[in-house]
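K.L.:
Attaching a single structure in structure tokens format; questions to follow.
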Amino acid sequence: MAVRIDGSYGEGGGQILRTSIALSALLGRPVEIVNIRAKRANPGLQPQHLTGVKVAALLTDAEVKGAEKGSTRLYFEPKTLKCGNFSIDIGTAGSISLIVQTLAPILLYAPCPTQITVTGGTDVAWAPPIDYMRFVFTKVLERFGAKLSIELIRRGHYPRGGGRAVVRAEPVKRLKAVESEEFGNVVKISGISHAVNLPPHVAERQAKAAREELSKMGLDADIAIEVRNDGLGPGSGVVIWAVSDAGNVIGGDSLGERGKPAETVGKEAAQKLIAVLKTRASVDPHMADMAVLYMALAEGRSRISTSEETMHLKTNMYIIEQFLRVKFSTMEKAGRYTIEVEGVGYNR
């Protein structure tokens, strides 16, 4: 019997689709999602959502109904989980990072190592930048015992996309629980300030502004400058991440856009990082949204803390509870939110 998910629940966006498809593919359970993105100005499935569905279907030989642009209803019934080498093209500047969110849990439980080359947007609005996924997401997954890497080949910005990244994953038998309520002491802050098809001073000014903002808090940052001229269109951005002596990693990011000074871009990224550091939370809000799935799949009790209980986070926990016999608990304490769950110890 299919799990039935109301796509308009909570934040009512693409996150519901991504989590539902990932868990359906992983567990081999059919899912029917209705009212997909019903509250959005452009409701229904968009190209990047369709790409995630199609790749998940490719990896599982799934039977799919309703996978077309604008569709508000989708039926997904997976068969056999596959592995190997695959290439996909979103066909727009749709976010590669959001595709990775869908695929990562599936790839970790595939029967053999898998490599997927994804073409699309690496640094686009309303999605984590690719550098966040490379240097925060994958490092947090390591704490769960997962081996997943992301290699950046070329950057792609809105509206033309054309970015490319290679995702590689090693199969895991079981994920292990993570207990980390406090960030710990900062060991190092690193970052990348990039500019594509733009003057080098854009990346330099972004990095300088970020460093200056961090220095006000007594923090030093090693921010690399990356200037490229191989993009289909111009774009820039900054991602900064902090590593603690407890092994935690949190990030802050900002995207350049027409009319937005480079200094503002750098300052925003630093301020986001500082805001989380001040709470001493073990993960940032972006990562909390994603981490709860791995907590639920892991063996044993996991506990993390984050600086903000977002609607994305609440929605994701609800969707996970529809597929797995888990119950999340959240508690606000000392300016941060602690999330706890007893994982199912899933294995294939």
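In case you wondered, yes, glycine gets a Cβ from its N, Cα and C as well.
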K.L.:
Considering the ATP binding residues HIS286, MET287, ALA288, ASP289 given in Swiss-Prot, which of GLN48, GLN101, GLN115 is annotated for that site as well?
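P.N.:
Same ATP site in Swiss-Prot: GLN101.
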K.L.:
Other residues near the ATP site, CB within 8 A of the CB centroid of GLN101, HIS286, MET287, ALA288, ASP289?
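P.N.:
Residues close to the ATP site, other than GLN101, HIS286, MET287, ALA288, ASP289: PRO128, PHE137, VAL283, ASP284, PRO285, MET290, ALA291, HIS312, LEU313.
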K.L.:
What three-state class does DSSP give HIS312 (active site, tele-AMP-histidine intermediate)?
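P.N.:
Once the DSSP labels are grouped into three classes, HIS312 (active site, tele-AMP-histidine intermediate) ends up as helix.
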K.L.:
Of the residues named as ATP binders, GLN101, HIS286, MET287, ALA288, ASP289, how far apart in Å are the Cα atoms of the most distant pair?
P.N.:
13
K.L.:
Below 8 Å Cβ to Cβ and six or more residues apart, same chain only. Which residues does that give for GLN101 (ATP binding site)?
P.N.:
ARG18, ALA22, MET290
K.L.:
With an 8 Å cut-off on Cβ-Cβ distance and a minimum sequence separation of at least 6, pull the same-chain contacts of MET287 (ATP binding site), or say none.
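P.N.:
Listed in sequence order, they are VAL136, PHE137, VAL140, ILE250, GLY251, THR306.
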K.L.:
In this structure, which of the recorded positions HIS286, HIS312 has the fewest other Cβ atoms within 10 Å of its Cβ?
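P.N.:
Each of the recorded positions HIS286, HIS312 was scored; lowest Cβ tally within 10 Å is HIS312.
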K.L.:
Among all chains shown, work out which of the binding-site residues ALA288, ASP289 has the most CB atoms within 10 A of its CB.
P.N.:
ALA288
